[in-house]
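S.K.: Sharing a structure with you now.
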């Protein structure tokens, strides 16, 4: 109880509604610009270098950097904040929050839900695979007098070999698009939580370092999501829409938080607000952990033919993964 009193005294000393509102207005512009720069950079580079020899390798390295960013976001930023919210003395001193680790439980539920979406998407992809291909006999097995029929069947055989390859590429592309869409949902979910929490806060001591930290956060997270979008090969309209949604989500969350506070005077440090923040943060963390480990890292490092045939590319991809995770983890010093 003494720690609660001390925390309340520090919060009251930093509580300044006018200064906090000024900082939040600045943050809306800064975060929007950095979000646009972050997510559009890999997309624009992919459009520019598409068709060039190094295109596929560059996209793979960007995607590995993205995986490191997203993994670090979930484990170093989102999950600790969720645990801290539910471990706050205003929450943890009451039943049932003091009796059970709900953060871990909801994180697990988030991962299982992501798995369910992944399984559903995979079943949809597999249902479009052809069940069988009619085998074509060799030229020696055909009647020698049917020369034209032989030529026709040989051409059909060539098409039947190339067609599965094209269908396989289309199926892989469809899977990448589904992964990108689910990943954006998880990131947007997380961004809304950050924005609303910041918008409701009246603590200028908390908001001031958050502005700079969230700017870098959006750049790195945007690079991650943008790399996945670029590899998925969406058309221009879908790509623009996904980039726009990422760029405006956190600023819109801040505005929404300011409106909620202005209309209701809702205290962001109340027990209900902390419970909501902890549960939603845990859920988004579980989704992001699953997406980073299963749909990004495992797929690229264990099921990518290009990486398997190029040891140097594998090393470069691992370095990119490490740099992405380290870059995002360093931001936890400030936010």
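Cβ coordinates come from backbone N, Cα and C, glycine included.
Under the heading transmembrane segment, TrEMBL lists 25-46, 58-80, 100-121, 182-201, 207-229, 241-263, 283-304, 316-334.
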S.K.: Which residues of the chain, 6 or more past the ends of the transmembrane segment (207-229), have a CB below 8 A from one of its CBs?
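M.R.: For the transmembrane segment (207-229), the list is 20, 23-24, 26-27, 30-31, 34-43, 59, 62-63, 65-70, 73, 77, 176, 179-180, 183-184, 187, 194, 198, 201, 239, 242-243, 246-247, 250, 296, 324, 327-328, 331, 334-335.
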S.K.: Tell me whether the transmembrane segment (58-80) sits in contact with the transmembrane segment (283-304), defined here as at least 3 Cβ pairs under 8 Å among residues 6 or more apart in sequence.
M.R.: yes
S.K.: Can the transmembrane segment (182-201) be said to touch the transmembrane segment (283-304) if we require at least 3 CB pairs below 8 Å and skip pairs under 6 apart in sequence?
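M.R.: As far as Cβ distances go (cut-off 8 Å, pairs 6 or more apart), the transmembrane segment (182-201) and the transmembrane segment (283-304) touch.
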S.K.: What same-chain residues lie close to the transmembrane segment (241-263): Cβ under 8 Å, and 6 or more beyond its ends?
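M.R.: Contacts of the transmembrane segment (241-263) (Cβ under 8 Å, skipping residues fewer than 6 from its ends): 21, 24, 27-28, 31-32, 35-36, 39-40, 43, 180-181, 184, 187-188, 191-202, 214, 218, 222, 225-226, 229, 234.
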